[in-house]
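Let me begin by presenting the structure, written as structure tokens, before commenting on it.
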């Protein structure tokens, strides 16, 4: 044991562990227990041993438990019956989500007049009344009438000094810049174009049609492209996968299609021109070659990678689509319904609070595995 006790921790590996176990078997009584405790402490402090142990445990994830294997055949048979019941539950759950989609379509029609009025105010097609503009902010609750009147006069004076703006300038651009998920997509050359974005609408598939939703980006006439509406359609599936029915957890976005942007000549921000110098091997002369290559831009959002019929994608395309699904889902679920709160920043604070609560829940969850959050999801689940 002396050799083992003096061995540097950093040099220990699984082979060393086997040697240790052989020596430990020769020890007896209290000396054996003392040495075992000492060795355990050494092993738990050795990163190589911990990594090997974690790798071994990770390999057990998803494998049948020893308890299940030990069950009598007649009990396993009954467990199989329970699994069949679970599959039927998954199919009922799929029907539930189909009805949820129908409810979303129904209530979307009720929301739309309010969203249309929001759009009219943003683009200066409608001027809200004084009554519609009244809003009691939290910080105003304790202000005296005299202080409120003074603040009002100061605001009016500032407004007189400024040029009278129409509607709410740069409303959607500000929303995008306030949300990290969207601002990461924006490039400086995208901003002048997004200043012309007047509205974003969500359209659900018609009754009886496959489940899907379309994002419509409405633009005022501009110098960059002739389209008035750019669209992005997401097709969803709400049925268990026959090969893995227990993984069903609500509708999944399966694919998406964009649209063709009719760019004005010289205004396509999704492409850039680069110049390269090429040297002729034989003559040694140098010539300059002009080449058009893809350019980073928010508007690449409208040309997602195509999913082949076999569904197989390379890692880069899969990552792009995973991010795309997340963005489309976020715009539909959060941005469109609560746009003004993302414009003011209030919704961002709420999102931060929600994330803090989720992280706390995950830390307290014994089954939570942080490794699963490291990679982008292959598909975006409907919340």
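Here, residue 1 is simply the first one shown, and the rest follow in order.
Even glycines carry a Cβ here, placed using N, Cα and C.
Note that TrEMBL annotation is computational and uncurated.
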Next on the checklist: Quick test of your reading of TrEMBL: among 63-96, 97-130, 131-164, where does it put region 'Disordered'?
Outcome noted: 131-164
Checklist entry - Pick from 1-37, 186-222: which stretch is listed in TrEMBL under region 'Disordered'? => result 1-37
